[in-house]
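Have a look at the structure below before the remarks.
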Amino acid sequence: MGEDGTQRSEKGDEMNSQFNRSISLVREYSSRVEREYLRPVLNNGRVVLEERPITATFVTIFCSLGLLPVVFFLGVSVFVFCVFVASALGIAFAVSTVMILAFFAALLCVLTATFFVSILLTALSLGSFVIFRLAFLLVKDGRPGLSTWVDELKGYLLQTIRATEQNEKSTSLQDDSRSDSTNDSGILVQSEKATFDDPGFEPKTE
């Protein structure tokens, strides 16, 4: 009990010292402001009022009456500035969005046209190669070159079809192997769970 009371009294003394320190700092700053700013202004105002009472009265009335318009002007100016900035940002965002969408649509059109042009050029290239190959074989072998050309074309088509079928089969086999491995792992987990759930199961201990 004595130690608790001593600790409480020490904490209370520390808080009182901090409070007194804060009060002294506030008094120091307030006295400094009063000494350096308020008193010179009041003294100058008193001197002006004594030397030029009419001018001092006019300035006082003018400042009192003009304070509200000045505050109103500042508020309206800040409001108008914020409104125009927000409007400019909104307009800039809308315009940029429209321009981006327009350029995106143009890009889609260009890519679509490029796709069809690529198909056309590919077909023309293949057709030119096939025709050139036919002409070459006809010039080289004569009429038997036509049958050679037909055989080459059939072989190329069959090779392409077989490669496509092999790719499809390999893809399906990979999918089947993945599904089988998933099913096997699920069955293994279920069997282990059933083994542990068996009341007659006893773990092996060495």
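The backbone N, Cα and C atoms fix where each Cβ goes, and this holds for glycine too.
Feature annotation from TrEMBL assigns transmembrane segment to 58-84 (among others).
Same-chain residues lying 6+ beyond the ends of the transmembrane segment (91-113) with a Cβ under 8 Å from its Cβ atoms: none. TrEMBL lists 91-113 (among others) with the feature transmembrane segment.
According to TrEMBL, the feature transmembrane segment maps to 119-139 (among others). Within the chain carrying the transmembrane segment (119-139), a Cβ under 8 angstroms from the stretch's Cβ atoms is held by residues 145-146, 148-149, 152-153, all 6 or more beyond its ends.
According to TrEMBL, the region 'Disordered' annotation covers 166-206.
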